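Sequence annotations record features per position, and here TrEMBL assigns domain 'Amidase' to C:23-465. What TrEMBL lists as active site, charge relay system is C:Lys77, C:Ser152. What TrEMBL records for C:Ser176 is active site, acyl-ester intermediate.
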Amino acid sequence: MTKIGLEIHCQLTKLESKLFCPCKADYREFEPNTNICPVCMGIPGSLPLLNKNAVEKATLIAMALDCKTPNKIAFFRKNYFYPDLPKNFQITQLNAYGNTSIGWEGKISVEDKEIKIRRIQLEEDPGRLIYEGATEKTKLTLVDYNRAGTPLVEIVTEPDFETPHQVREFLNILSDLLENLNVSDPGLEGAMRADANVSIEGGSKVEIKNIGSFHDLEKAVHFEITRQQSLAERKIEIIQETRHWDEGRKITVSARTKEEEAEYRYHLEADIPWVRIDDNTKNQLQVHMPESISSKKERYVSKYGITSQVAGILSSDRYFSELFEKANNETNAKDIANMITTDIMGLLDTREKREMSKLEGDHISDLVEYIKSNKITRASAKLALDEVIKNGKQLSEIIEDLDLGHVSDEATLSDIITEVLDEEVKAVEDAKQNPDIVNFLVGKVMQKTHGKADPELTLTLLKKNLGL
Amino acid sequence: MKSLVTEEEISNVAKLMKIDLEDHTAHIKRVQKMLEYFDILDNANVESEEITVQETDLDKLRDDKHNPYDKNLLKFLKSYQGKYVKAPKLN
Amino acid sequence: MDLGISALNYVSSIKNGEFTVEEFTSKSLERISQVDEKLHAFLRVNDLAIKNAREIDTKIKSNQNVGKCYGMPISVKDNMCIEGSKTTCASKVLENFIAPYTSTVISKLNSEDAIIIGKTNMDEFAMGLSTEYSAYGPSRNPWNIDYVPGGSSGGSGVSVSANECIASLGSDTGGSIRNPASFCSVVGLKPTYGLVSRYGLVSYANSIEQIGPMTKTVEDSAFLLNIISGIDSNDNTTIDNKNQDYLRDIDIGVSGKKIGIVTEMTNSEGLSAEVANATNDAVKTFEKLGANCEHVSLQMVPYTVAAYYTITSTEAGSNLARYDNIRYGYEFDSSGFEFNSYISQARSKFGPEVIRRMILGGFVPSAGHAGKYFLKALKVKSKLIAEINHVFEKFDFLISPTVPIQPFKFGEKIQDPVSFMMIDFNTVTANLTGIPAISVPYKITNGLPIGIQIMANRLEEHSLLQTAYALEKTVDLPEVPV
């Protein structure tokens, strides 16, 4: 049986500052080496100062993943030399003296399969390396320490996954969960990284590192399973080793064998006392934890009668579920949900667009109301949405500005219909043979009225006109 | 129970600690003697002891605020072209 | 103008207008230029000292608020960062390191208008007990220049003892303040772990080290402790001492106090005859002062040196890993090198004692050996703490000679690693347990100093200083011959 396990590193991008110093947690906007200080640079004599909120957010993650949490957490040093590590050790967590990492023994459901979480730990990200050229002549590694000290939560699963697809699903669920908890923006570049370990029946465990995206992860796992199966078929031993994912060639390549396991000399980080996390604190965190995605979904279905599919899409997106909560007034929930999932999600599909958007809950409920009372057609509504997103004006104003008012008086409509019939002679002929062509003519009327014509009335009038 | 640590082991540790020992015989004998002395710990009868640690409370920790460092730290470091830190190439 | 003046007397002299800050600073600088070529207490002297002195004199003349130190010249061990200044830890590896920020303790001194007159010599990265391991040459004992001044804060001890400055800040990991205090005949205090901020102190063994004062009198140590102690938001291991005044009631005496003479530290086999004599004398003195002295055994003491070296070399191995000469360090072009071979060569510039501790520090916590060495050492530490807690239920203080022997000649002890380590035998207990300990100059025998160590329970500096004061007041020592 195939066994796959994951080690996911997730940056706590929703924090203001780094794990051990007050530099910014989200380093992405900075020029190289301008988001640094004596602490994250490990300047001699500097000392780590633990971020209280990081501990709280990490504990939230542990709770959301159903983990056991300790009464005291401790930090350890993992010692090794690398240019992206300013101190040549990483401050991380370990369970060497009892359970002192942020969480352990949790679980999460993925497509009816229970995936066990082995442990969760809080640790710091290293800096970033840039290689100047890749030839023998350019013997330079350039280092940017802006990222050094960024808070990371490492989530280690048991090897409970059986297929690459499950892995992919899990990562999606985990992303949504972390975003919903308001601890991280998984969409930010580099915010979530994962390594995998794979073993097939009777074979050794192989670790795969250096995987750039979740898409690649699924591919890498799939490739590795195939590679191992092919070795097994030829009765060749599968060595326990670490392999790297080669993005270009889409294969895994051997990196180093487990025998050369690094010696990290783990020992306690004495500059950070053990932190007591009492039950009261944990209860407070639990009480204020954002509602879980599954709970939201269930609520949307049972309370508002929203379909399971729509509820699923809406609940798993933090931004839109918040918009939904603001917009809905119980009576229009279904329509709001539909508008969001059908029209709005497509318009605000990137982080930049969402940040620039001036759309508020009131706009959406107004829009739904207007459509219901025939003041505006669905087609016009789309145009109105575009405008609102841009300038946030009141809906009534926009409808006036853009003249989106419903065209529903018979006289005006009849005139336009007459125009269309004059122009579309062939279609009129065809329509008499094939009644479906009427829809084409409705479309033409809609075009002429810039989508403002009442579609039902238009259809009725057209049919009457054509004698259908 | 005397444990004589070998020259090879000490040499490997020096590699682990990234220190080039051109002539390590001078250090080896001394390190061996020190380690031999540490054997005394075996007589301390401390198997059942728990380790002692310093503790603090969550509310004593640093508040999560962004406070940019007010000086240009890069100029105190060995920087390269004013932006990056230069390191030797990696294998 | 007597350069041998205490800090407190200096302050009253300045207030009384007996001399100006500039006059005293100038005289101190003169003294340094006279004796330091021989003694080598200083690695660097502050060329802005006179300017600082003038500024403080101006403040005094114009009746502005002046800090408690009134411009007294204080030296600082070269492992504490001062912004814009070199901080070398007496190592070639940090030859060009200029600190970008100032240690908390020095900021505190600066805001009380102290003048930092210079950075003092030490054993490289604080690993040593004689200052023979400085990469820039040893310091010499002002009582006899053929003898070591102790270490690792040797330069600090010499600078105070030879009246090159009024006081000094040293650091103590296994006795590094108390040992040179004893060898140079000055007062040296290692505070409770966490009482004084380590922000800016270059880490050697961060779970046990502390910055502390080295002064001419016990009162001076109390005075400085008032300034440098207290909780610091830049150091998560600091404790709130609620602004204790360590000078208050310092002369209260020791009548009725229970003093334990630590058997394992006063065992005549381990002590030189002169030190054993001085210790017995000190006990009698305490009894005359009204204290009750009694022998007490700390069974874990014989294991403390091994535990200390195991723990500190592990921590040192980690704390010194950052010195790969990539971000800061010394001149050595990395062009053409591969990463691992470059840093291995760069780090071979560490001195021999540091290299040995790095090797030990790589070995004792490693996967195959941690159980036998590092973990056991941690457990010894725990058991020792429990013992100390128990002992302090019965006793108010513990005493011993600070060092089992008097100062020795250069090169004399450096050959045999085990007897070298044993010099720390009496001092490491206070570091491993975090309790405060002070060395009080007690006797000069054959021209060489002997200090008595007094220890108290955690955060009991106030009463510890009272007891040290009482002992000091019974002693009348000759002047330093330099």
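Note that Cβ sites are derived from N, Cα and C of the backbone, with glycine treated the same way.
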Which whole-number mean pLDDT does the model give the domain 'Amidase' (C:23-465)? 97
Cβ contacts of C:Lys77 (active site, charge relay system) (under 8 Å, same chain, 6 or more positions away): C:Lys119, C:Thr120, C:Met122, C:Ser153, C:Gly155, C:Ser156, C:Ser168, C:Leu169, C:Gly170, C:Ser171
Alpha-carbon spacing, C:Ser152 (active site, charge relay system) to C:Ser176 (active site, acyl-ester intermediate), which is rounded to whole Å: 5
Based on DSSP, name the secondary structure state of C:Lys77 (active site, charge relay system): helix, strand or coil. strand
Sort out the sequence-distant neighbours of C:Ser176 (active site, acyl-ester intermediate) for me: same chain, 6+ apart, CB within less than 8 Å of its CB, listed by position. C:Met122, C:Asp123, C:Ala126, C:Leu129, C:Gly151, C:Ser152, C:Ser153, C:Gly170
